[in-house]
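According to TrEMBL, the protein carries these features:
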SIGNAL    1-21  signal peptide
DOMAIN    24-74  domain 'PSI'
DOMAIN    32-443  domain 'Integrin beta subunit VWA'
REGION    79-105  region 'Disordered'
DOMAIN    613-689  domain 'Integrin beta subunit tail'
Amino acid sequence: MHQALCLKTLLLLSFGGYVFSQDQCTKASVSTCDDCIKSGPACAWCQELNFTKPGEQEAVRCDTRTVLLGKGCLETNIVSPRSNHKKDKDRPLSGGQHQKDPVQIQPQEITLELRPGHPFTFEFKFQRAEGYPVDLYYLMDLSYSMGDDLKNVKNLGIQLLNKLKSITGHARIGFGSFVDKTLLPFTDTNEEKLKKPCPPKEKDCQPAFGFQHVLNLTEDAELFTTMVSKQNISGNLDTPEGSLDAIMQAVTCVDQIGWGNSTRLLVLATDAGFHMAGDGKLAGILEPNKETCQLDGNMYSKSNIWFSQLKLEKQNIQPIFAVTENVADVYTELSKLIPKSAVGVLSADSSNVVNLIVEAYNKLSSSVIMTHDVLPEDITVKYASDCETGDKKETCNGVTIGKKVTFNITVKAESCIDTKSFNIGPMGFRERLKVNVKTRCKCECDNRMSLHEHCNNRGSVICGTCRCQGGFLGQRCECSLGEKDEATLKAQCRKDNGTECEGRGECECGVCKCHLTEGGQYYYGSHCECDNEHCEKYQNKLCGGNGNCRCGVCECFEDFEGSACQCRKSNDACTTSGSDCHGRGKCVCNQCVCMREYKGPKCEKCHTCQLPCQKSGSCIECLAFGTGSFAKNCSKSCSHLQHEMNEKLINNDCRVKDHEGCWMFFSMTEKDGFDKYSVKILKERGKTK
């Protein structure tokens, strides 16, 4: 099967498949080969000497294989550990032949060395062997309504064993029974009723009980008949029974029941539904089942203390619900929640139970569902099969004896981990593949050289970089701590006694070597204080797309302006006679940005400003009359005033005394700019009265 995948090109090898993609290498703080390998699955390291320029960060050695090749690094000098595998146990399959200890899975143990982030695929084979043993535990509801069924079950042992042996060659059968918790409202707790919970007409009636184990798994059909023949019916009050309690004990009491290395079947025969966990509250039972065997002799000792819950997968037990038609729908829904389970409808007296069990066994054993233990943290597993049946990738249906099916199992480690193990195998079968997982997070470089001239004979070459001896620092171990103490060198990397290299680089020999930014560029500046990724944005674009970001400030292209280069240069709306914005502001984005107290579209108004009449008195006196304190340097001191003398004044805005105490009369009109005025002065001064 071939698939076209957008943006990524995946290569899958037939066995031991190493899956990789041409992705970007996203690296943060990288100074060594190990740092690089841990940065991402697409990252590789160039161990070539002189690959970096003097003063250039060693992080440039870390990139994708394609980029490194493009920069001139030889293929032989690129370090990029790949995932691999080793089969620790790989016994061949039995091939469907009858054997004492058949091998149905291959391999049996494998060790994976995974590069984090890289999926690794290997083949897992399964083949059903002839004669694989079957253990069947018959768990029967002995409430009063099952009386007729018990009579038939007493005689089915020989027939059932012979039928199973005709299919598998090896079969064993065991027996257990259940009713319900012996507490109200489940069972009548009257002392006499507990001893004999059946109707008065029933002579053979055993006391009420939860679950009892009657017969260990055995090949002796006559013993099965003998032991089951000794069983009597019992009873309870409500319709649901304690079947889940009984199943849990049958599952957890492995040694007591005698479950072997076999296909394990648990047949539940009942004509009633089951109590669920919440029902326990009716009798004050709040503690859940602890998933442990609690048989005292052959009786379940915690029936009235723990409420019901059900877990079967751990012991690879496959339930067959042999139920009457009235509750078939209930158990069908339960079966949907339990992989590798089946439901069969009993006749009224269970006379069809043998055929029902055989049909269910054939259905269950022909379905192969792959499963695994609880996985270690940061490990994922996916399955794909070569069979055409089955609606799920981990499932193959219709697998007959001798038919071989192959699953491609893909394992991925998301991060570097210590060695972990887990098991994989087909559900319902005891055989398991043990998977040991190690991660490859260390560089395996071949150019390790001690006291090399590349490092000024002060350090060793490891993966192309220098590892300096004590007392030396620098890219080539060129910096000696004997010349300056380490504290002095580090102080040179702190701006205003702040953080070393602003927390954006490493201090090497008193010089900041800056890290990569989030966008893959480098911080820069003597203290790594600058980057070109954090400027003002306009329309979600850095510098509006109309300029370059330089150390946090937008440098706009020629035809643009604004803090985010958001405007085309124009002063059409700012132009006034002779200047922009009357010389009282800046034209930004074709709008006047006024200064001081000036307002208006073109900075034409200042509502709070007053004419500087009194302040201008000395200039008025020297300009008009050649006297006063500014007389000697009038043109220089009073250049901001442009004056003319008038016989009459229409507006007599200002009146100021000269140095002799005479009144000077004048009017002032503001000009463009700040503190510039056109002044009209009355020729005649007035005497003070």
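Using the three backbone atoms N, Cα and C, a Cβ is placed for every residue, glycine included.
TrEMBL: automatically predicted annotations, no manual curation.
Secondary structure by DSSP for the domain 'PSI' (24-74): 17 helix, 5 strand, 29 coil. Averaged over the domain 'PSI' (24-74), the predicted model has a pLDDT of 85. Helix, strand and coil residue tallies for the domain 'Integrin beta subunit tail' (613-689), in that order: 16 helix, 25 strand, 36 coil [DSSP].
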